[in-house]
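Taken verbatim from TrEMBL:
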- His314: active site (ACT_SITE)
- His359: active site (ACT_SITE)
- 30-57, Lys442, Lys444, Ser504, Arg531: substrate binding site (BINDING)
- Asn315, Glu344, Asp346, Glu393: Ca(2+) 3 binding site (BINDING)
- Asp688, Tyr689, Asp690: Ca(2+) 5 binding site (BINDING)
- 475-591: domain 'PI-PLC Y-box' (DOMAIN)
- 591-719: domain 'C2' (DOMAIN)
- Ser195: O-linked glycosylation site (CARBOHYD)
Amino acid sequence: TMSSLALVLPTGLEGDGDMQFLMNGGDLLKVRSGSWKKTRYYKLQEDCKTMWHESKKTLKSKQTCESQKGFSVEDIDEVQTGRQTEGLRKYTEESVEGRAFSILFKGRQKGLDLIASSEEEAKKWVGGLEKVISNINNLSPQKKTEHWIYSCLRKADKNFDNKISQKEMKSFLQDINIEVSEDYAEMVFQKCDESKCGFLEGKEIEHFYEILTQREEIDVIYGEYAKTDGLMSAADLLNFLLNEQKEDVSQNDALQLIEKYELDENAKAKQQMTKDGFLMYLNQPEGLIFNQAHKSVYQDMNQPLNHYFISSSHNTYLLEDQLKGPSSTEAYIKALLKGCRCVELDCWDGSDGEPVIYHGYSLTSKVLFKDVIKAIQEYAFKTSKYPVILSLENHCSVEQQKVMAQHLISILGSALVTKPLGDQMPTCLPSPEELKGRFIVKGKRLDKLEDMFSESKTAEKESQKTKSLKLAKELSDIVIYCNSVYFHGFEDSRDKQSFYEMASFKEGKAVKLAEESANDYIRHNIDKLSRIYPAGRRTDSSNYNPVPLWNAGCQIVALNFQTPCPEMDLNQGLFLQNGRSGYNLKPSYLRDRDTKFDPITLPDGPWLKHKTLHVMVISAQQLPKVTERKSSIVDPIVKVQIYGVPADTTTVETQYIENNGFNPMWNENFQFDVRVPDLALVRFLIEDYDSSSNNEFIGQYTLPFNSLKNGYHHVPLLTKNGDRISSAGLFVHIIVVDAE
């Protein structure tokens with residue numbers, strides 16, 4: 001039966017009570033508004049990753065029609081217990097606190113607010129979902145492929161007889177994104193239908209699965225190195241690691257890989273690797289293109305804050321556009337989980353003396369300041385332990401500013417920086433390491449930071465300033481290291497701007513400075529922070545290219561995190577390294593006061609480390625469809641892009657392959673000259689080719705040039721929202737050498 005490919009619950013979850021509870025299913029109250037609260041029956045499917053929910057509708061003729069909808073557990077971002085979302089707080093009573101929970105989804109999919117029939121059941125739903133999510137995250141790429149193909153096979157078996165007819169096979173192939181000619185389909189079918197009974201079952205389906213997932217390109221590579229009775233010995237594998245992957249390893253490392261990834265016990269006992277074990281290794285983190293040594297924090301985190309690029313978000317409260325989209329605490333949670341370290345809070349006077357956050361003078365909805373601070377406090381350090389900067393855009397009256405200060409102090413407690421770290425006036429900003437787990441407020445101050453250490457302050461002078469600046473002393477007092485000031489030119493800044501004072505630059509102004517006076521801008525950013533934000537005209541929340549501003553040493557290049565776009569791909573790519581800490585140490589020539597570096601004119605200097613990059617785009621596997629239509633099969637084309645100093649920025653593309661998203665092969669070679677590798681990012685983009693209109697996005701992956709690994713590697717693919725597409729990948733060969 002088809003169950004030979006069936007899904008096995010991972011060890012330890014077979015008899016798990018919460019899992020059984022999910023698979024039996026149960027009723028939950030779904031809450032959308034004060035008046036829309038309906039009971040839905042939710043149930044986890046056998047594939048252990050799809051949740052169905054049913055709603056009963058009574059038709060006029062007294063028939064009951066059941067409509068089924070579902071979502072994949074892979075799309076869940078976070079499961080929250082209690083009444084944490086705006087919806088639950090607004091539309092439900094406090095008495096349901098213990099029975100309430102919410103499911104937040106990746107991307108722009110609307111979250112679910114649910115109420116279970118008892119606290120006991122709520123715990124089971126949350127516990128079960130968390131187990132399923134962690135189980136899916138821990139599956140090997142092979143298992144993910146099996147799951148995916150298995151669920152497509154089940155879908156193709158229209159009459160549930162555990163057999164696949166030739167017609168069902170054609171439909172299945174379309175489902176997995178491959179269009180084959182009638183002749184080819186017939187040939188594969190005949191080859192597998194050994195019993196000649198006109199359909200495939202049992203072992204025949206397994207054979208069909210093997211033909212489908214065969215990787216010819218891997219066979220060739222394996223064949224070149226498997227010199228020990230057709231298998232790879234540890235010495236053969238070592239040869240491959242030294243010659244192709246250019247890794248600095250010993251035979252012992254090769255043995256460890258065999259121990260870790262070889263599935264065949266006989267081969268393992270002989271210290272050999274089969275072709276399946278080899279493919280297994282190439283699908284693991286060690287076989288991916290991103291250098292694993294850069295996955296954890298590997299940079300010096302003891303330099304002043306302004307020596308780092310800092311992952312930063314603009315209008316963090318918005319989930320969509322800036323005219324009428326919803327404002328939400330959920331938007332802050334999503335940005336923080338993506339490693340963002342500088343969030344923006346647009347604060348306005350609200351009713352009942354409680355300040356609110358929204359996009360002023362627009363129809364975006366409002367959210368309470370204190371609710372946002374609570375959400376930030378809870379999620380700030382889940383992805384990264386390094387400091388979070390709260391950038392206040394303050395439009396509140398002095399009265400409500402006092403309330404803001406109270407909320408910041410009471411909710412954030414000792415994690416809030418309310419005075420300089422040492423006993424005396426500092427001379428530079430503290431380091432990310434010193435500020436681990438802390439919050440820094442960016443806003444305006446009534447006086448200089450130096451005044452905190454002098455006795456000459458008079459209350460009278462301060463109250464006059466409070467009136468003229470419309471600034472509450474309570475809020476001013478907790479602005480320590482990020483005092484907002486206006487920028488009047490580089491000369492003025494050199495003379496008058498202190499290290500704790502920072503200017504914000506609108507995108508247009510910043511881009512002009514980065515083009516026309518890059519070296520001045522770089523020197524300015526050596527001892528001061530600069531924040532860049534998108535132009536006001538971008539009401540659709542679109543973004544600008546952050547790379548030229550990073551090249552000019554700007555640290556806080558704020559982007560609309562809620563918008564899926566190439567610019568956000570670059571941001572996520574840059575901050576993929578260093579433990580996804582949201583802090584990347586700038587190269588030394590962006591930290592040296594006497595630097596001559598200029599990204600535009602590229603004078604001689606230590607930044608020129610001329611490299612030649614050879615990329616062979618070999619193949620891709622299991623690309624997703626771009627539309628739900630069964631008959632629409634993708635025609636994939638691959639673009640390889642370098643972003644960096646202008647002299648390095650370039651794009652190349654392959655031919656497109658017709659009607660095959662399942663296992664397209666290109667085998668095309670490209671060569672790039674990269675002069676300033678420290679500042680370069682590499683982006684792999686796959687699109688569905690269209691001759692008459694724009695190509696459609698399929699998937700992408702961006703990483704720092706210096707994090708590339710040599711040799712044969714799989715490139716994971718991400719959705720527009722930056723989430724991994726579970727079984728899809730691109731297979732490439734990389735060589736980086738010093739240019740002649």
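Every residue, even glycine, has its Cβ placed from backbone N, Cα and C.
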- Note on the structure: By Cα geometry, the one of the recorded positions (Lys38, Glu54, Ser195, Tyr689, Asp690) nearest Asp346 (Ca(2+) 3 binding site) is Lys38
- Reduced to three DSSP states, the domain 'C2' (591-719) has 9 helix, 60 strand, 60 coil
- Item | Near-site residues: Ca(2+) 3, ref Asn315, Glu344, Asp346, Glu393, CB cutoff 8 A to centroid | His314, Thr316, Tyr317, Leu345, Ile357, His359, Ser391
- Message: Spatially, and counting Cα to Cα, which of the recorded positions is closest to Glu54 (substrate binding site)? Options: Ser195, Glu344, His359, Glu393, Asp688.
- Response: Asp688
- Item | Which recorded positions sit within 10 Å of Glu344 (Ca(2+) 3 binding site) - Cα, from Gly34, Glu46, His314, His359 | His314
- Message: Can you tell me which of the recorded positions Asn315, His359, Lys442 is spatially closest to Asp690 (Ca(2+) 5 binding site)? Compare CA atoms only.
- Response: Asn315
- Message: Are there any residues at least 6 positions away along the chain from Tyr689 (Ca(2+) 5 binding site) with a Cβ closer than 8 Å to its Cβ? List them or say none.
- Response: Asp635, Pro636, Ile637, Tyr656, Asn695
- Would you mind reading off the Cα separation of Glu393 (Ca(2+) 3 binding site) from Lys30 (substrate binding site), to the nearest angstrom? 36
- Alpha-carbon spacing, Asp688 (Ca(2+) 5 binding site) to Tyr42 (substrate binding site), which is rounded to whole Å: 35
- Message: Here's one to test understanding: among the binding-site residues Lys38, Tyr42, Glu46, Thr50, whose C-alpha is closest in space to the C-alpha of the residue listed as 'O-linked glycosylation site'?
- Response: Glu46
- Query: How many Å separate the Cα atoms of Lys38 (substrate binding site) and His359 (active site)?
  - Reply: 32
- Message: Return only the integer: C-alpha distance in Å from Tyr42 (substrate binding site) to Asn315 (Ca(2+) 3 binding site).
- Response: 35
- Across all chains shown, how many C-beta atoms besides its own are within 10 angstroms of the C-beta of Asp690 (Ca(2+) 5 binding site)? 13
